[in-house]
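Chemist: Below, the features straight out of TrEMBL:
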- 1-24: signal peptide (SIGNAL)
- 38-70: region 'Disordered' (REGION)
- 684-717: region 'Disordered' (REGION)
- 686-695: compositional bias 'Low complexity' (COMPBIAS)
- 707-717: compositional bias 'Polar residues' (COMPBIAS)
- 784-843: domain 'SLH' (DOMAIN)
- 844-907: domain 'SLH' (DOMAIN)
- 909-963: domain 'SLH' (DOMAIN)
Amino acid sequence: MEKRILSVCLTACMLLTLMPSAFAADVEQPLPIAGMEQTEETSADARTEPGDEPQEPVPTEEGKGTQEEPFTTVAAYNEAVKGDALDGKDVYLTISRTEFKEGQFALTNVQTRPNPPRLHLTLTDCTFTGNTAGDKTNSSFMYLPNCQSLVIKGCTFNAGEDGLKYGINWNLCGIQGSTVEIRGCTFTGSYEKNAIKLNQRNGEDDVATDVKPSGDGEVKPATIASAVVADCTFSEGAKIQLGSQGKGENNAAAPSTGAFPVTISNVKAENGSEVAVELAYQAAKDADIPTITLAPGDTFEKTQEGVLVAQVGEEKFTSFDNALTAALAAEDHTLTLLQDVTKDISITAGSTLTIEGSGKTLYGAINCVAASGDDANQTNTNLTLNNLTVDGDTNRDGTADKSILITSQNQSATVVSGLNLTMTNCTVQNSKAGVSGGQGMYLTNAKNLTIDGCTFTNCGGINYAIDLNLVAVQDAMISITNTRFEGNCGASGPIKVAERGTGDGTEADDITGARASVKSLTISGCTFNNSNPILGGDIVLGVTTKTGEKDGNDTGSFPVTIADNKTTKEDKQLKIKLAYTDDSARDITTDIGSAVVGDGTTDPAQGFTITATAGEGGAITPSGRVAVANGGSQTFTVTADSGYSISDVTVDDSTAAAVVQNDNGTYTVQNVTKDCIVHATFSKNSSSGGSSSSSTRYTVSVEDTDNGSVKVSPTRASRGTTVTITVKPDEGYELDKLTVTGKDGDSIKLTDKGDGKYTFKMPASKVEVEAVFTAIETEPEQPKSLPFTDVSSGEWYYDAVAYVYEKGLMDGTSAVTFAPGAVLTRAMTAQVLWNLAGSPAAPGGAGFTDVAADAWYAGAVNWAAAQGIVAGYDTGAFGPEDAVTREQLAAMLYRYAGAPEPTGGLDGFADKDAASGYAADALCWAVGEGLLTGKDGGRLDPAGTATRAEVAVILMRFAEKKL
């Protein structure tokens, strides 16, 4: 019976082995789990000790380790290379769709063999979790000292809960001409050193002994012929390392460890951020390793000689100097940056150069030499910068070390070469994190300067971000458009433009060159976010006379158009300083979007904006917003498309300007006294010959009206033409009735298009339009009710509490209590003044020993200390919880107001001698302004405390007086 059962089982097994492979193909198989394939040989860094993990017998391996029949398990490979039979020979190991866990990818370490086996390792769609290399000291997924070729595609690497020191640790020894290809892989978890390290050892400068072969004999340097890492995703902070640091004599850098070609492309962090590539071979220690960051989609290329930093035509360069030389000599003079570069550039006069930044950064300065001499004016320098960041932080430590980033100057020439500089989508920054740096740009010979879509950040210091102190150059044309000024962009102001030179009226002794002239200056569409207090203006024209004379000069007498600019300042106004006018340097303050215009013969002044638009069937040139002087004019060219004719050109407000048609067919909007819109309309030409009523145009007239305006377009129209009516009520009024009446008094149907626009079809007769506007009835605004249950409406301090609460100067002590009788602390007082100032950014810690960085009042105290409003005690403490005294409060308000000349006195108070010396002026001022009054008995009580109610009253008086 037992024999019969055994026979049946054997028959079943034979049948199963004969089944077609396609029979099982429909069932998806899970990834196989690799066995524990530890060998007796361990790495120099001590892999898992025998016995630490269960050992499995080496399975039967159908492969032979050849290219045609590769090994397919780690165990088979380890068994084959245990001895030296395969030393110096090619061994192939190919594994796909396998999951490896702790210690299951521990390859036999052969790095100390004089002639190790040449491993060709291919991994496809595998999963690695934790320290699969089994190395206790240098945990990693795999340690690869002898790979002749490595191909890893579509694999997933998870560092596990404890993280790893390395990910893929390629430490090539004794192998020449190896290749690496890692594509489409994902690395998750944390890595102490890096996720991928590519390193070639035993070069002439690599004196480390851990990879030297045992015994005597020549040490042959390892070489990598090519390495590619592409389309991989890394965990945040994971790095790619090239070469190794500190392997040279006395731990000096060992450049040979990274002297191989590499291409890294389209890599990204899992959160979409940049991936760092460390050039470890350039450093002697970890802290000095230079890093290149790659954004998603970027490509990093490196040859055996070094990193490819720039490209000219089809040629790529590891030396920026060589690339610059090639670009200057090339036909199109274009240099494209491939990596960030730390370099100061000097361009000789007469050169032509375009730098395509491709979003990269030039850490350094650009100097364009300004030549002088009889022929200098014929040798203009042409420089174009596109999509480039110019940064003065050459040490990359957060501070700038450049006084000027972009410069071209010669202040002593009679004839000077001009600079034609065009910058598009560039960033110029000369310091970071609020650290004061030098200027962004200083030019004395700008012939044509065009800056569009750029950003200037932290590049003014005590000067200007853009300083155009022009000398000798003639008919300069300056255009700065759609550009942002952010951070500290100059205590003097973001932009200065001046015509300088001998006899400019400034009596300066540092300018000896010929007088310059500006043909036009245009600044439009810019945003001024300068966080530094401006001593000059957002825009400064000309310079002041240096001798202190009150008379002005003509350094700012040139045509100016400043329009459509913005600011983030609370008052939403720009300040334009006319520094050349006299020693007081008259200012023009203008609202955002407004225009300031000057023709060079008179000082710039508030102007207006014409917005030019065209209907279907034609165009108007110039179009969009055009700035003109008060009472000035602008000529437009109106053209009709094929099949159309010009119907009319009108201004939306007849009180703002008038339109006249010129003999040459152009139209001039003249005598402009308000912002206005000029609109060109067109009509389709008749398809048949002869005249008809459809080609006759009839008048559209508007009845005079009060409290609003009515505009029609066109003012003459043929039958069937759509006429648009635009109504605009005055402030406080609304449209009550709008009618259109034909010649017989018939009412014509109107269509409401919204936003104050109505349309109707023109009949075959003239029509009249009439509008009636009525005042809008508004309900009186109700005062905001207080949520505090302890502040009654009849109390003497009620209005003051309501005022400070509504203005955001003081909050309650809870959601329903104000605590009017509680004393105000020094911290609360600093917070209140900070609120009053608009909660500006604090510059950093003030150094008080009792003000923690995370305290709710820390920002306010640090700001107030930086502004000189508060000071600490002799002990170095601030005393945030101490009750503020009346004289301390007076001193803080006095300093906040700028320490004005006191107008009051203390003689009327019985305790005047009780006032501290430091607070005497402040108390006199506070009394004179009515902020502080006496108490019972004619006492001022300077050392007494102030309640929250009393402070609310003082703040309301202070704010309403605008002290």
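Glycine residues also receive a Cβ, built from the backbone N, Cα and C atoms like all the rest.
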Chemist: Taking every residue in the domain 'SLH' (909-963), what is their average pLDDT?
Modeler: 82
Chemist: Please work out the helix, strand and coil residue numbers for the domain 'SLH' (909-963) from the DSSP assignment.
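Modeler: Grouping H, G, I as helix and E, B as strand yields 32 helix, 4 strand, 19 coil.
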Chemist: For the compositional bias 'Polar residues' (707-717), how many residues does DSSP put in helix, in strand and in coil?
Modeler: 0 helix, 8 strand, 3 coil
Chemist: Where DSSP helix means H, G or I and strand means E or B, what are the helix, strand and coil counts for the domain 'SLH' (784-843)?
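Modeler: Output for the domain 'SLH' (784-843) reads 20 helix, 2 strand, 38 coil.
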